[in-house]
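Student: Right, I'll just put the structure down here and ask away after.
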């Protein structure tokens, strides 16, 4: 090929006697350079680099047995492999679809409730809710907590300068409605009462309906706020029967989207009275929802890719059978996990009567060879990721059963736990 081109250039020079000798010289030099071995090597290397950038080698994803971030389907990941403008018609339609579908899943009407997506994690939405619904001056909140995420609410209040009382319960027990009743029967007037539905630091489900009715019975002017970050979409919630005014959840939990934004469901009658309350510009849900209602656009750059993925996740949620279908799979995941771990001798933190099916906490074995970091790392080496570190006072580790997990994944994990225990010379059945 190189010889033919070189000869072609030469013949062209013979046919064109008026061609400048300098031009011919340049053509000949270019011909030699283009087809020199070193040039071929450089071009090949460049193309290899270009190909490697455009088509990265696919690595095997780890399987996440965590309450978030959690594993999602390939089709949800593929849905966000596009760029769209935040003010494009397509993205505006995506926002409208998401807001409408969330209200539908919640079983509430647009006449009574609004859906307010906000950039950030679930904690951002919890923070935004406290900041927005409570007046800047003189407001007081009652926080009902039995775990790390309830405690986090009190930290939010402290950071925002919001006065609050905290009613605490044991981390391995449900919130007791009768105790909440006593707390609300005193002289203190609370503008807001807050509770966590699924306390993922332990796995306990709290009785939000019973508590909500007590709140509205004894303190009807109080706003009742429910953190349902890790339960909405897989645990049935009746807004009216539970007297909920504000509920918070996240894209990357039971609805199986990817991280990037959370959302708040709030009564319109509550949100309409919140103008000027927020101590933060970015976390002002009142301004956020007014902008969304008027233009279907965000005030600041939204998580476009995450929202595209979430739209696909909502479609798949409906295909699985909505809340009922997702709950069925998650419950089955936990049943498989329980059976396998019980056979190994692991002991759960919670009594079955109060345990949910989102995440399960297991007590550390008393075996002298058990070390959680080693246990965690050995499972991680097998591409199986449980929740690292403890957040409770009790020594325990957590295994999530939500996300794109199925019975075979739970079986694989239990088998790996047995292998790791054998490698660590931990006696089976586990000793306590």
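Each residue, glycine too, has its Cβ placed from N, Cα and C.
The annotation domain 'Aminotransferase class V' is assigned in TrEMBL to 80-352. Per TrEMBL, the feature N6-(pyridoxal phosphate)lysine maps to 253. Annotation comment: TrEMBL describes 398 as substrate binding site.
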Student: Here are the recorded positions: 253, 398. Which has the lowest count of other Cβ atoms within 10 Å?
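Tutor: Among the recorded positions 253, 398, the lowest count of other Cβ atoms within 10 Å belongs to 398.
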Student: Write down the Cα-Cα distance for residue 253 (N6-(pyridoxal phosphate)lysine) and the residue listed as 'substrate binding site', rounded and given in Å.
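Tutor: Rounded to a whole number, the Cα-Cα distance is 16 Å.
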Student: Please work out the mean pLDDT for the residues of the domain 'Aminotransferase class V' (80-352).
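Tutor: It averages 97.
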